[in-house]
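Everything below concerns the one structure shown next.
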Amino acid sequence: MAFLVEKQLFKALFSFFLLVLLFSDTVLSFRKTIDQKKPCKHFSFYFHDILYDGDNVANATSAAIVSPPGLGNFKFGKFVIFDGPITMDKNYLSKPVARAQGFYFYDMKMDFNSWFSYTLVFNSTEHKGTLNIMGADLMMEPTRDLSVVGGTGDFFMARGIATFVTDLFQGAKYFRVKMDIKLYECY
């Protein structure tokens, strides 16, 4: 009798594990594979930032809402809100293809470093929707990678990398960054 119970228990467990194995194989076979070498979408844009200095109200695209507390020479603690144009070329006066809306703050006392969190808002005939980008901008590095963590509209649930290259830096008043955006998950 015990042998019969063990045999039935073995059959039940074997059947259960076989079903789990078949189900997990079915789920995995429908999973989207990601080719990390080839992005599904690729863009190059320029982000322009003109920091408000008290005299440039009409042209300013960003403003410091928290000034640095004086803990060193690297603007540690400075918090900036921005709404800047994104263009296809280096010209600030070119027609914007999007707006970069968000913030950055300086978060390192021993070197220039900032942390960005912003949304690219597209509202053109070519693209509609948003891309959400965030991450550390190690400003002294020649290139920096930030994460594309989502999007809406044409960029629904997009994920990828935004590579920053400082194209122009004019002190505390103006900078231009080339953004090379590669999306690896597109739906």
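Just so it is clear, glycine is given a Cβ too, placed from its N, Cα and C backbone atoms.
Residues or ranges marked as disulfide bond in Swiss-Prot (evidence: experimental evidence): Cys40-Cys186. The Cβ of Cys186 (disulfide bond) has Cys40, Lys41, Phe155, Ala158 as same-chain neighbours under 8 Å, each 6 or more residues away in sequence.
As annotated by Swiss-Prot, N-linked glycosylation site applies to Asn59 (among others), with the evidence given as experimental evidence. Neighbour list (Asn59 (N-linked glycosylation site), Cβ cut-off 8 Å, at least 6 residues apart, same chain): Ile50. A coil conformation is recorded for Asn59 (N-linked glycosylation site) in the three-state DSSP classification, outside any helix or strand.
The Cβ of Asn123 (N-linked glycosylation site) has Ala98 as same-chain neighbours under 8 Å, each 6 or more residues away in sequence. Per Swiss-Prot, N-linked glycosylation site is recorded for Asn123 (among others), and the stated evidence type is experimental evidence.
Summarising the annotation, Swiss-Prot assigns signal peptide to 1-29.
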